[in-house]
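**Q** According to TrEMBL, the protein carries these features:
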DOMAIN    21-481  domain 'Major facilitator superfamily (MFS) profile'
TRANSMEM  76-95  transmembrane segment
TRANSMEM  102-127  transmembrane segment
TRANSMEM  162-180  transmembrane segment
TRANSMEM  192-211  transmembrane segment
TRANSMEM  295-316  transmembrane segment
TRANSMEM  332-353  transmembrane segment
TRANSMEM  360-382  transmembrane segment
TRANSMEM  388-408  transmembrane segment
TRANSMEM  420-438  transmembrane segment
TRANSMEM  458-481  transmembrane segment
């Protein structure tokens, strides 16, 4: 018989309310980006040894000083993290069709915690580079799967606003990371900053394993998939037995449990190979669906150009500000401006789109307009000689630029059907990093090493925001359909067919129930 419907659509766990889920995910996201900000801070990242014309040398500090890194090697630490993130993101998105997505988040957070602790214990450049890569692997599960959970549980009229609250933690977390890293690195040691992050994340990693998990829209519960596997395995063995019987004029010559066990073993191996091939084939088909979707592709291309700039800003910003305007506390200043503008800009972007009407076309209008105006403001800021003029214009620019966070992810979630949302977020994450901030940090380092002028470097970098605005403006003219409610049936449901028992009158009751 078919399992009860309650097992196919389990009730929410006792700990769950939509607002509680949002708060938990926001805190986790905040910790993730505190780590990114901390490693970019002058307190943790530090500086290399410098010598003046008289031969008087000043010892280095932080990671760069302790391991004697060039700017290029220093930039590679950021890129190593992104490599781990981009490799693991599509893997976790694909695994979500076979394993509970909430449990996968728990696995990722555990890897993240252990890897950050490894950074605190690093003894060489290559060791900390590997640990940073594993931190990216750990974050990949959360980046790919958290937003679809929020989109499922947010009120219909506030979906973009809820996404804005979640993505508000990106600039806020980076800014807090600047301040946190600068304070801990300056007053204690850069290693203590990583130990603190690991301790903060540990309870959430444990939480992901101990509580009853949630289910995503468009995905069937794991229990039903296990039932499907059992049905298909039993059916395969039954077919073999029936075939043997027919060849022997109805006489069943099954020689005991040994032969049945051998059949089950062989069938299990063939089923495993078949399932792997099916998953690879399904993954390739899903990726193809995304790549031929013009709306999705335009959105991601604009996001790549945008993230190229933002990634380099977050990594080199404090150091550029210190050198251009001789800021005594660049970490604190950049952190403070980014906290205020990140919170106001990200939340404003979400609420404005909800007020405009949360549609894909309106999202592109907001993306292109905010990015263009933000680019003008940031570019003008770096042209000024006055520190106070720079702060005002750069704050306005950040306010506008961060207004894009909710709309760009809204498009990623709503231009595809529900079952493709994790993969949509994963491919978006992979793309914006492999073509965006993975190359931007070391490339900006190389550019600065070549021209040795932080102001010119910052102006060249900022000009790429105009490209992002132009790409998103193309999306305004595309025919866009909201597919968030299309194909909402589970990815796979048990396919029950009529089967004869293996041995008449001697069938395990549990198999009959299946």
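Heads up, residue numbers simply count up from 1 along the chain you see.
Glycine is treated like the rest: Cβ placed from N, Cα and C.
Just so you know, TrEMBL annotations are computer predictions that nobody has curated.
Values in this document were obtained by computation on a predicted structure and should not be read as measured data.
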**Q** Hey, which bits of the same chain come close to the transmembrane segment (162-180), Cβ under 8 Å, at least six residues off its ends?
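**A** Residues 22, 25-26, 29-41, 146-147, 150-151, 154-155, 193, 196, 314, 318, 331-332, 334-339, 341-343, 345-351, 398, 402, 405-406, 409-410, 413.
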**Q** So, do the transmembrane segment (332-353) and the transmembrane segment (295-316) meet, by the test of 3 or more Cβ pairs under 8 Å (sequence gap 6 or more)?
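**A** In this chain the transmembrane segment (332-353) does not contact the transmembrane segment (295-316) - fewer than 3 Cβ pairs sit under 8 Å.
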**Q** Residue list, the transmembrane segment (76-95) vs rest of chain: Cβ under 8 Å, 6 or more residues beyond ends.
**A** 36, 39-40, 63, 104, 108, 128-130, 132-141, 143-145, 279, 283, 287, 311, 315, 422-423, 425-427, 429-430, 433-434, 437-439, 441-442
**Q** Per the 3+ Cβ pairs under 8 Å rule, pairs at least 6 apart in sequence, do the transmembrane segment (295-316) and the transmembrane segment (388-408) touch?
**A** yes
**Q** Report the listed stretch (102-127, 360-382, 388-408, 420-438) having the maximum count of Cβ pairs within less than 8 Å of the transmembrane segment (192-211).
**A** 102-127
**Q** Mind checking which residues of the chain, 6+ beyond the ends of the transmembrane segment (388-408), have their Cβ under 8 Å from one of its Cβ atoms?
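**A** Residues 160-161, 163-164, 167-168, 170-171, 299, 302-303, 306, 310, 325, 333, 337-338, 340-342, 344-346, 348-350, 352-353, 363-364, 366-367, 370-371, 373-378, 380-382, 465.
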